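Sequence annotations record features per position, and here TrEMBL assigns disulfide bond to C34-C271, C82-C93, C98-C105, C169-C260, C174-C243, C182-C206, C210-C219, C220-C230. The signal peptide annotation in TrEMBL covers 1-25.
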Amino acid sequence: MARCPAAHAALCSLALLLLLPAARAATFTMTNNCGYTVWPGLLSGAGTAPLPTTGFALAHGASAAVDAPAGWSGRVWARTLCAADAATGRFSCATGDCGSGAVQCNGGGAAPPATLAEFTLGGSGGLDFFDVSLVDGYNVPMLIVPAQGAGGGGSSSSSNGSAGGSSKCMATGCLVDLNGACPADLRVMAASASASASGAGGAVACRSACEAFGSPQYCCSGAYGNPNTCRPSTYSQFFKNACPRAYSYAYDDSTSTFTCATGISYAITFCPSTTR
């Protein structure tokens, strides 16, 4: 094997880096099929490069694409029933509010309850990890579909997950509107004018049992802070029965985490058709 002269070591190292395959970024294409405007919020994980936006309005029927850098991790969710205060101009939302006081979340996360899309791009084994989580409660139906990316190996939204380099590269989400069916002690109500926009008969979100009651057995904390002691509850089973691929409690990993070979992109749909 030829050796690189010491005097040109830096140039040789640069040439080697150029020959290595670049880590691929992903594009998140968000579509709003809800009968009302939603305001997607986006939060980057600690130590992760920021996205070009952290929040925006998405009208009914509209789509928007957001590019994520290679190695990005974070969350995407929908804020609903948002408005700016007439006196102060402060922006806030009835569900999923990020506390920034503006359309851009600027590093703020979703106040529960909110349906979350969670991603880690380019994780262990060269895989993207993603899920839809109801651990922090629920506010809108959501679907993630792995899609043909700039460098991807093909559409990977099929149920058998044969494309995309992983047997668990498939669509996931919660397609059902749970607000109306939410147990009474978890239900979040809003003012009648706001509730009419959500179409849920006054219910605008559904809390998790952890948020509603704060008990360690529901929050998987303290003595319940491991998968052997924190088990599904009747409340988490409500979510799981309706949305079997979504996270329903903290240790719901085996049926709720999905993976694709890194380099593909993802479609995120708010209020997808329940027939899909």
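Glycine too: its Cβ is placed from the backbone N, Cα and C atoms.
Other Cβ atoms within 10 Å of the Cβ of C169 (disulfide bond), summed over all protein chains shown, number 26. C271 (disulfide bond) has its Cα within 10 Å of the Cα of these disulfide-bonded residues: C174, taken from C93, C105, C169, C174, C219, C220. In the three-state DSSP reading, C220 (disulfide bond) counts as coil. In this structure, the disulfide-bonded residues under consideration are C34, C105, C174, C206, C219, and the one with the smallest number of other Cβ atoms within 10 Å of its Cβ is C219.
When the disulfide-bonded residues C93, C105, C206, C210 are compared by Cα distance to C220 (disulfide bond), the shortest distance belongs to C210. Cβ-based neighbour count (10 Å, all protein chains) for C210 (disulfide bond) stands at 23. Considering other CB atoms within 10 Å as the measure, the emptiest surroundings among the disulfide-bonded residues C98, C182 are those of C182.
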